[in-house]
Amino acid sequence: MSVRTKVLGMVDVMMRVPPILVIDEILKIGMGLPSRSYTDKSVDKGGGASDISSFHHQSSNNSIDAAAGTDSISNFDMFTQVTNASLEKAIDNASTAAIAGGVLSSSFGNLIDELAKDSYLSDLLSITSIKFVICVLGLFCALGIFMLWTRHLVMVYMFVISLGLTFLSHWSNVSALALMENNSCILEDILSMNTTRLLDTGGVAVSLLPHLVAQWFMGMLFAYIHLGPRYSILQRSMPLIFASPILLATLPLKMRIIKYLPILAAAVPLLLTKITIMSSGMEAGKTVYNGYQFATNFVSNFGLSALIENEWQRLNVPSVLRVFWTIRITQEFLGLVLNDQVNAMNLIPTSQKLLVDGCETLTAVLGMTSIISVICHYIGKAFQWYLLTFENDEEKSLGTVSAVLFYILALQTGLTSLSPDKRFVRLCRNLCLLFTALLHFLHNIVSPILMSLSAARNPSRKRHFRALTVCAFLIIAPIVLLVTLWSRHSPSTWLLAVTAFSVEVVVKVCVSLATYSLFLLDARRPSFWEKLDDYLYYVRAFGNSVEFCFGILLFFNGAWILIFESAQNATGGAIRAIMMCIHAYFNIWCEAQAGWSVFMKRRSAVHKISALPEATSAQLQAFDDVCAICYQEMYSAKITRCRHYFHGVCLRKWLYVQDRCPLCHEIMMYTDRREESEADRAVHQRHQEQAAGLAAAAAAAAAAAAAAQNSEDNSLSEAAESSSNTPSMVTVSTSVSGANLNSDEGFVTITNTMNSNSNSSTSSTAAAATFATAAASNTTHSFRFSRNLGMQD
């Protein structure tokens, strides 16, 4: 990516930040509704454990079996022991500043104060409904501006800047005229060359000079960016129009004329702005309609999810939120520094205040979510680099899943509605839950690497050591976390959730290490290890059973919280109920079905394998070949009904997939004649009909041979001549199905040579009987009779 592309992308991100700041300010004042009051009962007692389990299930097969969110009403002793009375006072000050302060709070407050001076506007804005409607309109306008294409966004900013320059110019002119009101005329000093008064630093002339330069600069900028009609004379005279009130005020004019000069000067840019609005109204409507048409067509062709993903990438939402949150926290920190509230002794209270302000509104929580997403992403990248692997889908989704999980935890626990001190405690608890989920994600990264290193017999000791050190960290970290939490807190539902997740990750790592050890032992054995599959099944079944039990336990824990501890947070309770349903379906019901299906398949395969005969040593020595499934030498084997040899373990795994032989695709066993399909019975009936037809044809051929012999008894010489010159051929051809489903043609040819030998009748009768017997069997044979009716294969 070129530098120019990066710079333009950064400019696009910066242009989309101001609408987010406006939305944040609107949410900060509560959408114009009465100020919220913080109550002690509003502390959400759920930890959002179901969110971790449900979202982690989407990212890996071995999902975190967890239930609905858990929390407790107990005090967070880890932090309350550090804080003291001064910290509590600082947090109270943070609450007051969080409600009244903000990025745009000073200008917004001044605007409200100015409007409050007018009695009519003050009465109008005091009405809650009017405030709410204005805030809703502002919210939708900010969202609309945020979602514009870059070209239209630039036009909006040009219009807003031109309008802002007009009002700024008016304010500067009014201020300059106020300086000149009680002073002598500057024109007289200029004409009299009174340099003493003109160059006096405290004089009017020096004070007016910055205003005059600013007006000239604003006029040039307005002429460059305004979207109205661009006449050359008007463009060149725009700086003079902006500075005209100050220049005309130097003349000896009456005050009632001078006070209207700023209004006259602002009339020209306002007129151009009005023309711009009138001419751009239709274009703006077309832009909105075209955007609607584009979205509709995109959804019909690619789906709603594809549209959301496309717009998410086009708007570069994560980068915008990160820049917004950084600006917000930087503004808060600079405010503290300017007020001399930051020093080496109160760094911890300052950090806590910034974190509290950083999750005050929904947009602020979104910004913090984007920061956490980046942190988790680079944590995954760091572990990926340490493990010497560079292609892992789990690492790619780590940042996204962590961000979604953290935001839903914030919504579920009502983070923005809590008082500042309780908000900080709740934030720390959510981060603890997120940390345990991060450990599960890291296990999903290292587990496949362990399996590949052990199964592929990788000799690189460095890679083995790195993978094992990560596993050691995944065991030590949750244990240290649990020891710290249990030593500082009393038992609670939130602590139970964190404990369950931590124990679960330890069990999963132990299962991975046991599997890794079994594969290493198998790699060092000189012969095939038939019990390996059984040991692996027992180890994995233990791990899955533990996870399943934790899932059920935490589901009931979440149900307890939903019923008894979520009454004060209706939105969080609804989100928790939804996540509990998702958790119950994916992590309990689907996992139970999958486990039961594997168990039944394994039991069925074991029964089928036990029904097959075991190969003896002599048979294996005579076979002298490898297993056709694993290509390993066979010291013991099972013999199928089609006489093929396989390892019992390999054949059992094959039976998980299908019941036919891997080599010839013959059905290896029939458990019951009634289990044959209707097609098999139809084929069997057709074979019987064909066999009966062939037997009748054979009998007819034998009768014809006997009749021919009786008619030629009177003349032996003629019979001999007839035998040598005119042989009679009777050919019967039929199609008989073989043992497999493909039909093969079986040909039976009966050649009856008419001679005078007395054994010919007996030979013909034997040939007919043999033909009928062959036709009655369900096999493919070819019989050919020689001239003396001798039968050969």
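A Cβ is built for glycine as well, from the same backbone N, Cα and C atoms used for every other residue.
What TrEMBL says about this one:
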DOMAIN    627-665  domain 'RING-type'
REGION    712-732  region 'Disordered'
TRANSMEM  124-149  transmembrane segment
TRANSMEM  155-180  transmembrane segment
TRANSMEM  201-227  transmembrane segment
TRANSMEM  233-253  transmembrane segment
TRANSMEM  260-279  transmembrane segment
TRANSMEM  361-380  transmembrane segment
TRANSMEM  400-419  transmembrane segment
TRANSMEM  431-453  transmembrane segment
TRANSMEM  465-487  transmembrane segment
TRANSMEM  494-521  transmembrane segment
TRANSMEM  541-563  transmembrane segment
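Contact between the transmembrane segment (260-279) and the transmembrane segment (201-227) is supported: at least 3 Cβ pairs lie under 8 Å, counting only residues 6 or more apart in sequence. The transmembrane segment (431-453) shares the most Cβ pairs under 8 Å with 400-419, out of the stretches 155-180, 233-253, 400-419, 541-563. Note: the domain 'RING-type' (627-665) comprises 8 helix, 6 strand, 25 coil (DSSP; helix = H, G, I, strand = E, B). Counting Cβ pairs closer than 8 Å and at least 6 residues apart in sequence, the transmembrane segment (233-253) and the transmembrane segment (541-563) reach fewer than three and form no contact.
If you average pLDDT over the domain 'RING-type' (627-665) in this model, you get 83.
Within its own chain, the domain 'RING-type' (627-665) has Cβ neighbours under 8 Å at 527-528, 530, 532-533, 601-602, 604-606, 608-609, 612-615, 619-620, 740, counting only residues six or more beyond its boundaries.
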